[in-house]
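> Quick one: this structure, given as structure tokens, is what I'll be asking you about.
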2 protein chains.
Amino acid sequence: MNITRAWEILKDNGYKKTDKRELILNMFEDTDKYLTARDLLSVLKKDFPGMSFDTIYRNLATFVNLGILEETELNGERNFRMHCESEHHHHHFICMECGKVKEISVCPMEMIQEKLPDCAIESHKFEIYGKCQNCVHETV
Amino acid sequence: MNITRAWEILKDNGYKKTDKRELILNMFEDTDKYLTARDLLSVLKKDFPGMSFDTIYRNLATFVNLGILEETELNGERNFRMHCESEHHHHHFICMECGKVKEISVCPMEMIQEKLPDCAIESHKFEIYGKCQNCVHETV
DNA sequence: TTTCTAATTCATAATCATTACGATTTACAA
DNA sequence: TTGTAAATCGTAATGATTATGAATTAGAAA
């Protein structure tokens, strides 16, 4: 997902272009990591001291609904990042040190459905946590 | 994990046998579902109106540390259940309707490590959500 | 361009889960 | 039976998130 596409989606759905939304989207475009509402607020407060929780959370929810951002829960906090548009279904390795995210193409769901013949599978979460190459070699 | 084993573990680690702990463990022994702190409190308040958050949360943390309970995050709330002692590593299918939990023996982690040769994988989460046999057939 | 209106934001308070604290009570070993 | 560390109670604090009502603003229509 790039920022141009994000604006298209917003416009198509009747959402306006505001400076706050622009700042938020820019922050996501600049990184491949997951960010929290807190991350966003602490940066955006510099440019807009009055920036409020409401603005952040409402916009994050909007972006997720429109498929611009994707979301996961990491130690009790919601984390967001630009939605990947890889053509194939995939999962993520998340570095717990620096936050870097890598795509993993393996997904065992086909196997799984066979094992649960009578269940209606609605979703699944498969995430791998650890340290990435760089962080493994860092001395603590 | 059964309750007798749980008490052994507690005793071995210098924890005392209290009526509150007994009630909490009994609730977990009676079900195979995940329970929240709220679930526990709402039931236990009947027998012990004074039962406090502190007691619940402190004991849940203790039980998790000792491996008596296992924990997962489900829509922003921590959920707990008796730790499975299956001899093999496995994952869970969780019915979002009734809360029933099924063991899934498939785990793709061997495959994954190959794909991330330089990363130190520390943990992973793999959960499947949906409706179980019974709940699929219920009319809403 | 100006005006109108719905969308957006601000400031703040409410809510919900969780954690912390000081005083009191309790389990259990000596 | 008693002493003491552990556990609990009652309540308050914290931190993330959601809600509210008033004020502002973007963007379409005149």
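Any Cβ shown, glycine's included, is placed from N, Cα and C.
TrEMBL annotations: computationally assigned, not manually curated.
Here the structure is a predicted model, which means the values were calculated and not measured.
Okay, so TrEMBL annotates it like this:
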type	residues	note
BINDING	A:His89, A:Glu110, A:His124	Fe cation binding site
BINDING	A:Cys95, A:Cys98, A:Cys132, A:Cys135	Zn(2+) binding site
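If you look at the structure here, what lies around each of the features I listed?
In the three-state DSSP classification, A:His124 (Fe cation binding site) falls within a strand. Spatially close to A:His124 (Fe cation binding site) yet at least six residues away along the chain are A:Met109, A:Ile112, judged by Cβ distances under 8 angstroms.
According to its DSSP assignment, A:Cys135 (Zn(2+) binding site) is helical.
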> Given A:Glu110 (Fe cation binding site) and A:Cys95 (Zn(2+) binding site), what distance in Å do their CA atoms have, once rounded to a whole number?
27
> Among the binding-site residues A:His89, A:Cys98, A:Glu110, A:His124, A:Cys132, which ones place their CB within a distance below 8 Å of a chain B CB?
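Near chain B - Cβ to Cβ under 8 Å - we find A:His124, A:Cys132.
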> Could you check what DSSP calls A:Glu110 (Fe cation binding site) once collapsed to helix, strand or coil?
helix
> Run through the Cβ atoms and count how many others sit within 10 Å of the one on A:His89 (Fe cation binding site).
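Result for A:His89 (Fe cation binding site): 8 other Cβ atoms within 10 Å.
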> Can you check which residues sit near A:Cys95 (Zn(2+) binding site), meaning Cβ under 8 Å from its Cβ, same chain, 6 or more apart in sequence, and list them in order?
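A:Cys95 (Zn(2+) binding site) has long-range Cβ partners A:Val101, A:Gly130, A:Lys131, A:Cys132, A:Cys135.
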> Taking only same-chain residues 6+ apart in sequence, whose CB is under 8 Å from that of A:Cys98 (Zn(2+) binding site), what do you get?
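A:Cys98 (Zn(2+) binding site) has long-range Cβ partners A:Lys33, A:Cys132, A:Asn134, A:Cys135.
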